[in-house]
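Pulled from Swiss-Prot, these are the features on record:
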BINDING   Gly207, Met208, Ser209, Gly210, Ser211, Gly212, Lys213, Thr214  ATP binding site
DOMAIN    1-147  domain 'RPW8'
DOMAIN    180-242  domain 'NB-ARC 1'
DOMAIN    312-437  domain 'NB-ARC 2'
REPEAT    650-674  repeat 'LRR 1'
REPEAT    676-699  repeat 'LRR 3'
REPEAT    700-722  repeat 'LRR 3'
REPEAT    724-746  repeat 'LRR 4'
REPEAT    748-769  repeat 'LRR 5'
Amino acid sequence: MADIIGGEVVTELVRQLYAVSQKTLRCRGIAKNLATMIDGLQPTIKEIQYSGVELTPHRQAQLRMFSETLDKCRKLTEKVLKSSRWNMVRQLLHVRKMENLQSKVSSFLNGQLLVHVLADVHHVRADSEFRFDRIDRKVDSLNEKLGSMKLRGSESLREALKTAEATVEMVTTDGADLGVGLDLGKRKVKEMLFKSIDGERLIGISGMSGSGKTTLAKELARDEEVRGHFGNKVLFLTVSQSPNLEELRAHIWGFLTSYEAGVGATLPESRKLVILDDVWTRESLDQLMFENIPGTTTLVVSRSKLADSRVTYDVELLNEHEATALFCLSVFNQKLVPSGFSQSLVKQVVGECKGLPLSLKVIGASLKERPEKYWEGAVERLSRGEPADETHESRVFAQIEATLENLDPKTRDCFLVLGAFPEDKKIPLDVLINVLVELHDLEDATAFAVIVDLANRNLLTLVKDPRFGHMYTSYYDIFVTQHDVLRDVALRLSNHGKVNNRERLLMPKRESMLPREWERNNDEPYKARVVSIHTGEMTQMDWFDMELPKAEVLILHFSSDKYVLPPFIAKMGKLTALVIINNGMSPARLHDFSIFTNLAKLKSLWLQRVHVPELSSSTVPLQNLHKLSLIFCKINTSLDQTELDIAQIFPKLSDLTIDHCDDLLELPSTICGITSLNSISITNCPRIKELPKNLSKLKALQLLRLYACHELNSLPVEICELPRLKYVDISQCVSLSSLPEKIGKVKTLEKIDTRECSLSSIPNSVVLLTSLRHVICDREALWMWEKVQKAVAGLRVEAAEKSFSRDWLDD
């Protein structure tokens, strides 16, 4: 398969098409459409490549014909890029040829040939057991990944995992620590890596919790010399204490073979580096190594030594000078103690931290801008909290717990709630805000301020999608991460006391069943306000009855393609926020959804990677639901029924988010009957072509976000009748070529984002947008908006850097 359609060839072709769209005005729309269509093929091509199944001659011939079409397209883009933009005759000729190629590619896609090829692959694999180094990979995962796991830029979720360590930190950066104690370690590990090709294939970094192992590993993954040595073939993965080894192994195998000819071919000895962070056991490591692939080096990062001691770097604690410099960076934003401040106090606090980077950062942030008198109390608390056994890890725990004493109750509770989420996973900021809003009756902005405060204290990290550059448009673009030691502290503090009396009932890691401790104590009610359950597949028989009369937040994490909801939800009369997240590879079917009939107080519902249950006219309305988020879901026919009145089922809905739902074709017109809707966010839904014509009924709508809806070709003119609309995002809607002519009637519009659209002109009425304060556009469209800027006082026009990039795939 790789001989027929090469993944790197397709990647390069997409790059060239985007380059053409920027250079040649006449080819812009066609080139962008072609790039989107061809780019969307890549996950499917990779699935076929990795399957290891030999295609029939007939299928190979069909794919070879398509490959020839792509090759013609590549040659044409090269000609366009080399041609002069002033040669109009040649440009017209190129446009016609490109239109012809677009027709051929579209015909291929409409025929859904690749889907049939995948079906062939599945039939073959169903008849013979697929083995590769003792892996049993699920056959249906390929089909599910193909349709359901697309991310911005049409990337599959599997490949998107590679971005986990490439995010841009908003509040704190690990890079600030480098040069403070890590340079030596970086140099030593690089020496071992560069020699590894001669013998050792497994290199190690070990050290205690909070010593900076992950920071060092991240920096090595970004290091130019390391990337150059391995030809930019570097993969960083976090394994964690309860890993999905099958999924991780499939991901590593895909990475190792993506540069080669295919599964069954002989692989040349090109260098590749796989960095495995937070590995807990040798058994896990053994299952994630591919010793039979030449040129592969594995760098394992763990608390214990899992590699030979000769090629393991033990992360050293910081000496007094290094520790003082890191501490001062955290508290004073400089490496030295400021003149006039007590050197003695700084020395005492640094001494209590015993050279531990995490302690120095967290404690330093807690003392920022505090008077010296406060520092004296901090020294006393740190000294008092030091545990008797003097182990480094328990000392870190005690020191962090001491800093939490100074947090106000809501901020401290927010920190403790983070223990409800799985280890080493990015937490969508939207989810965390929803939980805090319901627990403490906060406004969204106030909840966000609490989270930022924790970030300023180095108790969590805010990260945003790297493909947005320095700008972001909503909470959905931002995620929360937390050091595993900090999460352990949150769990430890939450699990004090008898299980029935805990305010937070949490499972520390994924288990096959509910904790035995819960079952032994289920003869009396639980007082928990927050309940978090993390399992695999659950059937009706796996649940036992629980009384949770005070529970306001329920978070269900699982990894399976089917899942029976816990029956005790029906008795949770105070439940206001429900989060259901499937971490598996394919959307799950939920069973016993009828329990929702008793959730009268539910205000926030987050569904991720599940099949949305079918709604009908008999569905019991969720009278108080304010926020509904459908992420990576299969909509199926849930919203397509003409007789279904969505407004009756969700009468008070104010915030609707639908993201990465690739089978969403349209929004039902009855959704416009929800007069309380304040925000609609439809993002990364490539098949939706139009919006309801009766949008003007949404009198409360302030935010309309339509990011990366590639087939959306127009905005309804009714949008001009929305009396409160403030923000419109149509970025990466590549088929959208114009704004409504009467857009100037939206007097309340304050911000519009048009990045990577195909706008060739803007209506004259735009100058009437007197409230417009911010426009984000491409550099090529800057001249159009600068004319508007002269007519609209106070308008700021910002040209965004291109977010389209494939460099992050190598991270």
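Yeah, the Cβs are placed from backbone N, Cα and C, and that goes for glycine too.
Owing to the predicted nature of the structure, the values given are computational and were not obtained by experimental measurement.
Residue counts for the repeat 'LRR 3' (676-699) under DSSP, split into helix (H, G, I), strand (E, B) and coil, are 3 helix, 5 strand, 16 coil. Looking only at the binding-site residues Ser209, Ser211, Thr214, the densest Cβ neighbourhood within 10 Å occurs at Ser211.
Secondary structure counts, DSSP: the repeat 'LRR 4' (724-746) has 3 helix, 3 strand, 17 coil. Each of Arg303, Val315, Leu356, Pro357, Leu358 belongs to the same chain as Gly207, Met208, Ser209, Gly210, Ser211, Gly212, Lys213, Thr214, is absent from that list, and has a C-beta within 8 angstroms of the C-beta centroid marking the ATP site. For the domain 'NB-ARC 1' (180-242), DSSP puts the residue distribution at 32 helix, 10 strand, 21 coil. For the binding-site residues given as Gly207, Gly212, the lowest number of other CB atoms within 10 Å of the residue's CB is seen at Gly207. Put plainly, the binding-site residues Met208, Gly210, Lys213 were compared by Cβ crowding within 10 Å, and the winner is Gly210.
The average pLDDT computed over the domain 'NB-ARC 2' (312-437) stands at 82. Under DSSP, the residues of the repeat 'LRR 1' (650-674) split into helix, strand and coil as follows: 5 helix, 5 strand, 15 coil.
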